[in-house]
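Per TrEMBL, the feature domain 'Ig-like' maps to 23-135, 145-231, 233-325. If you look up TrEMBL, you'll see 1-22 marked as signal peptide. What TrEMBL records for 338-362 is transmembrane segment.
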Amino acid sequence: MKVTQLDCLCVILLHLLHTAGSEKFEVLGPTDSIVAVAGDDIVLPCYLKPNISVEDMTVDWLNLDIIDGRVFRYQNSEIIRDDQIPSYRGRTSLFEEELWRGNTSLKLTRVQGTDEGHYKCLIQSKSWYDDFTVQVLVKAVGSKPVVSIVGHREGGMGLLCESEGWHPEPELVWLNSKGVHLSAGPPEIHRSFKGFYRVKRHVIVQETDTNRFTCRVQQRQINEKMETEIHLPTVGSKPVVSIEGHREGGMGLLCESEGWHPDPELVWLDSKGVHLSARTLETHRDFKGFYRVKQHVIVQETDTNHFTCRVQQKRINEKMETEIHLPSELFDPTPWRMAFIVLCCLGAIIGIGLSLAIYCICYKKGNGEII
């Protein structure tokens, strides 16, 4: 049988069509978005149907939300890193032992905020190509808000709240003790090179019956929030000093002050500002969270007899103090003793007189006399 050139051409065309048909494939992956927690490792599934080997093909992973966003390339049985996005270096790999059966899933380690985006898995053979796209969402709950006191501002107290490490971008709100939103300055948002957000916001608050305020940072998309409450420092009342009388060879004094927050320090000072040894500080907290303090001290006579009770809150650099001057006569126990003796004598005389009067009345009634 004679083979013509036309027969040879037909055989070649049939072979090419068969070869091309045998290399056709689909690239498949998940239909739902992948939610990744920052810091975790994730796998972006991608595979061929039918499960043919990709060892002689080109596998590209691209982040479509980034210009020139090549995440990973496998070509000619080698990993190509020349044009890889720098932030992905050292964090991406394929399951090389699975390439022979069409598994081109990408493993991404230590997920960060900038990893969020739409990822394309593109596979090319010599005669065919196909791709698949999957969305990756990154979730990161930031730090507990840090609240600091800025100081007096525009007739109120300035507060600052800061929190970092969030993704997506969070919302920061200020609340009073009843949960009502407060009018605050504009939020300041900063994004780190890893894609995480830091937020801060100022507010000026007025004094209330509780002086409690809350900074809340929330991310509604991932239903997460963190909050910190601050109880604003409050300067209490001017100390009240009272004389308790002679105690243990000296004069007993008592100092009291209330309405403080946080709990204050109470100290006794002599006229030279030297701290005096006093009894244990008594501290009480009321239902609103404010503190009342009192402390006893026994003082000895000095050249001035001036003593000061100081209540202070070093954190807010506030203090209140009261000075008392004790007359020298108070330190002489003799007048006190004489007064006590005189009072005792008077009491005895009055008692005897009353007893005699009662006796006389009863005696006269007994004898039938009319008074």
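Placement of Cβ uses the backbone N, Cα and C atoms for every residue, glycine included.
Here the domain 'Ig-like' (233-325) returns a mean pLDDT of 92 for the predicted model.
For the domain 'Ig-like' (233-325), the DSSP counts in helix, strand and coil order read 3 helix, 56 strand, 34 coil. Using DSSP to sort the residues of the domain 'Ig-like' (145-231) gives these counts of helix, strand and coil: 3 helix, 56 strand, 28 coil.
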